[in-house]
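**Q** Before anything else, here's the structure in question.
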Amino acid sequence: MRKLLLLSLVLITGIVFAGRLFYLQIYNTSFQQLSENNAIKIIYDYPQRGYVFDRNGKLLVANQPSYDVMVIPRDVEAFDTLEFCNLLKISKVDLKGILKKARVYSPRLPSVVIPQLTKAEYAYLSEKMFKYEGFYIQKRSLRDYQVKHSANVLGYIAEVNPRIIAKNPYYQMGELIGRQGVEQQYEDVLRGVKGVKYIQKDRFNRDIGPFKEGIFDTLPERGKDITLTIDEQLQAYGEKLFVNKRGGIVAIEPATGEILALITAPYYDPGLLVGRDRSRNYTKLYYDSIAKPLYDRGLQGEYPPGSPFKTLTALIGLQEGVIDLKETVSCHGGYVYGRGRKLGCHHHKSPLAMIGGIANSCNAYFCTVYRRSIEKYPTPQEGIDNWEKHLESFGLGHYLGTDLPSGRPGKIPSAALYNKVYNYPERKWYATATISNAIGQGEVLLTPIQMANFTAAIANRGWYYRPHIIKNINLADTIPSIYNEKIQTTIDPENFEPVVQGMNDVYHYGTAAYIRIPDIEICGKTGTAENFTKIDGKRVQLTDHSVFIAFAPKDNPKIAIAVFVENGYWGSRWAGRIAGLMIEKYIKGEITRTDMERYVLEGSLEEEYAKPLSGEPFKINN
Amino acid sequence: MAVGKSNVRFDWLTIFFYLALVGIGWINIYSASLSDSAQGLFDFSQIYARQLLFIILSIVLIIFLLAIDAKFYERFASIIYIISLVSLLGLFVFGNNINGATSWYSFGAFGLQPSEFAKAATALALSKYVSDMQTNMKEFKYQIRTFLIIALPALFIIPQPDPGSALIYAAFVFPLYREGLHFVYLLLGFFAAALFVSTLAFGFPWVAGGVVLIAIFIYLKRRKKRPNLVKYITIAIASIAFAFSVNYIFNNVFEQRHRDRFNIVLGKETDTKGIGYNTNQSEIAIGNGGWLGKGWTQGTQTKGNFVPEQHTDYIFSTVGEEWGFLGSLLVIALFVALIVRVLVLAERQKNQFSRVYGYSVAAIIFVHFFVNVGMVTGLFPTVGIPLPFFSYGGSGLWGFTILLFIFIRLDASNFVHS
């Protein structure tokens, strides 16, 4: 026994040490990360972010240098505090506070004294910096917006948050990333690739040369420039027209699917989100829960489309063969469907065939067509599903696939939805239960960009390209391939001609005759969409939305547009006028209907928007 | 001289382990002390170059040690011991203060640390006394004298102050136990250590309460055998008194740095920037190694000098970082193999003197190894003692070389007349 005590202790010790080493070196990896943190310093070399141009090569977004005054507390020597404070425009107390904080953070590492000086401040300061030992100026790059509009399209850049860092290891704390708009969508293209240098440090945090002679170091790669499809002048004009109004415009070039204008109102100056005041301005925009300037109505607003939807009802009716161009439908102030149920209509001549039906926006006509399209099939379920299939081929009821980070799918009701709502099969439902769909009310919801897109499909007589905002990257034609795929609708080309003619007649003798633009053959369709809000939990109807879709010229169209003016009442009153002006601006480059322009610029809907907030009873549609 | 005789057989396996440890040690010291200002392998301003010189001088020393007749060590054991004691006492007069400890005699650029040599001297003296015909380890008179032989050098070393080196003398309990010291002494020592640690970890009131409860529990269980109640009360009171004195000594006699070290290992404090810095950085460096390590001279923690005293007491952390789990395991295995080999040799000695000495060698190397690697891997409080054959330092290397090679010489003499 006595011989074995020390022997066994030695062996046990050997095993315990082996176990401990296994724990430290293999099992517990947290020690490895700690080491990377304290022995290797990683320095990033940030490349210049890519520029953004409009379709005509006009520069929209560039970069500007910004200058931070930095300090290394340990190197600071006695200096003329008063003069320094005057240069930096801060008080002596503030400077002392900043220096104390910096020293607490680290005496050896740099801290920011004053962030983001302007070029002018920098120029003045840089001459005198030699006097202040321990202080220096560090340059960094910020966005420089060349235009005061299109904030919703361009987006902005901001520091990454911990959530993004957890998801994407490329980013480190304090780095910048694109948020919203093309800055977010084309982040990978615009930012380039940062360069990395590994520096070996010693225990005093001093650099002692490159780690492993720099074999892991990389050079930065400059960000690529992108050209957008938007027309800067059209964009600016659109925002101008929307003064004191809320809503959105989406304009598309039908032949390519390129987005010519994407406007949401209210809007803000993109320059607000740069520099020292960025955070304060952003908070202000973010908390404006009434006007919602950060909400892109053109992409995210889901509205009942109203009468423009009738063009699709007509197309489906023709494709399904349930009506021909000669058959007329009489309208006696509306459409009667079952005992005592009537969907009202406005005054117009009666009876009407298809082209006249579109021009005068007759509800009775389109209810008849819609009902026949559904009832052609043995069950309403099959009818609705077939109807939905046609609409989906126009990009409705699902995300459109636009290269912008925000968007909504809209809503096209399916048979499954109605089965659920009406508790099928216990209770049955029929086409008449869904009759409001015929005229773009009921369960149908569309975003303005979806409306512009189906307008483009009508303009093309049956096909479209997915709407997109990217024209090229670094001037090479390398846009994502899904934007080069032509998408066919389920409607045959010949069925489009009568609908196009009807839309053209809207301008000749229909609902938009008084807002005609000289020398341009426009095809359009007005819409006046009912809408509701909740006040104190009660459903209250508000003044109708003013909606308009149009494309021009009638043959070989250059532009398809959808305009949405919240609570603007008649489709032709606001949306129709704005659409006409936008078309004229784009095609002619100048405005001849200055009377119409004045009407739009001087008109305001602020009073209308204040109504539901006033807390008092109010009248609508006046 | 014995070397010339054809029937002298040295244990080449032990020598191989020794050379392997010294060689691997130097490779790691080279990496840990490498700096840009180095002028080559023999630039003696560099630590690794000086260690290389120490190693070469060790070889010369070994030749001398093996050349001397085995009888010499037994015959002159007492004189060597006395010279060693005198050299320790001399420090109080002529000693040179380095790093706050007066443990050194200075000779120009080099220094000698007598405490490193005192271990071998004490081992010789102890072996001689225990193997004396008259000595009976079962008698108290001899026990107390034996204790004095061990305690004297330790007492001289503590006030240098170098409590770590003094702690090593506890290793001699192993050869004494082998030679018949009653197991109770070991048990007492273990019990005292357990009380010591639990008093610091849980506080005096809890330990006192625990002791009373355990005493009552055992007494009640054995009631049928009519145990002596007085004995139980005495043991319980003695334990509580011990725990109280530990508490008192810890708070009033220990210096703050000692308290800090214990608190960190007991997990009571996790101050990684202050006193726990050494241990924490050492664990980081070792943890950084992974399976195969970062490769020789490639350790980032080693290069950045994050681990203090890395070429001396913390040299094992370099092994951990640069050679990984497998490299560290090899070093652990070499130490275990060396100690086990010495123990096996000790058991085959024909005379008691050689056996006691062999056990002393194994025990001293073991305690160094245990405390040092335990400290570097964060299992044991920070006690500044070197890793044998590995750590930088001439005195340390020579001290261990002398200790080991005297035994190799003694072992070889077994075969002289056979």
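Backbone N, Cα and C atoms are what each Cβ position is placed from, and that goes for glycine too.
According to TrEMBL, the transmembrane segment annotation covers B:12-32, B:47-67, B:79-98, B:147-172, B:184-217, B:229-250, B:323-344, B:356-377, B:389-408.
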**Q** Would you kindly list the residues that approach the transmembrane segment (B:389-408) from elsewhere in its chain, counting only those six or more residues past its ends and only Cβ-Cβ distances under 8 Å?
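**A** Cβ under 8 Å, 6 or more out: 10-11, 14-15, 18, 21-22, 24-25, 28-29, 33, 47, 50-51, 54-55, 57-58, 61-62, 65-66, 73, 110-114, 116-117, 119-120, 123-124, 311-313, 315-316, 331, 342, 345-346, 354, 357-358, 361, 364-365, 372.
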**Q** Might you confirm whether the transmembrane segment (B:229-250) is in contact with the transmembrane segment (B:323-344), defined here as three or more C-beta pairs under 8 A between residues 6 or more apart in sequence?
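**A** No, the stretches stay apart by this measure.
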**Q** Which one of these stretches, B:12-32, B:79-98, B:184-217, B:229-250, B:356-377, has the most C-beta pairs shorter than 8 Å to the transmembrane segment (B:47-67)?
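**A** Going through each listed stretch, the top one turns out to be B:12-32.
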**Q** Quickly jot the same-chain residues contacting the transmembrane segment (B:79-98) by Cβ under 8 Å, restricted to those at least six beyond its ends, or write none.
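**A** Hits for the transmembrane segment (B:79-98): 104-106, 111, 114-115, 117-118, 121-122, 124-125, 149, 152-153, 156-157, 160.
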**Q** Do any residues of this chain, six or more beyond the ends of the transmembrane segment (B:356-377), have a C-beta under 8 angstroms from a C-beta of it, and if so which?
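**A** Hits for the transmembrane segment (B:356-377): 73, 119, 123-124, 126-127, 130-131, 164, 167-168, 170-175, 178-179, 279, 282-283, 286, 313-314, 316-317, 320, 332, 335, 338-339, 342-343, 345-347, 349, 383, 385-388, 391, 400, 403-404, 406-407, 410-411.
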**Q** Mind checking which residues of the chain, 6+ beyond the ends of the transmembrane segment (B:147-172), have their Cβ under 8 Å from one of its Cβ atoms?
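**A** Distal contacts: 81, 84-85, 88-89, 91, 95, 101-103, 115-116, 118-119, 121-123, 125-126, 129, 258, 360, 363-364, 366-368, 371, 383-385.
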**Q** Do any residues of this chain, six or more beyond the ends of the transmembrane segment (B:229-250), have a C-beta under 8 angstroms from a C-beta of it, and if so which?
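**A** For the transmembrane segment (B:229-250), the list is 191-192, 195-196, 198-200, 203-204, 207-208, 211-212, 215, 218-219, 259, 262.
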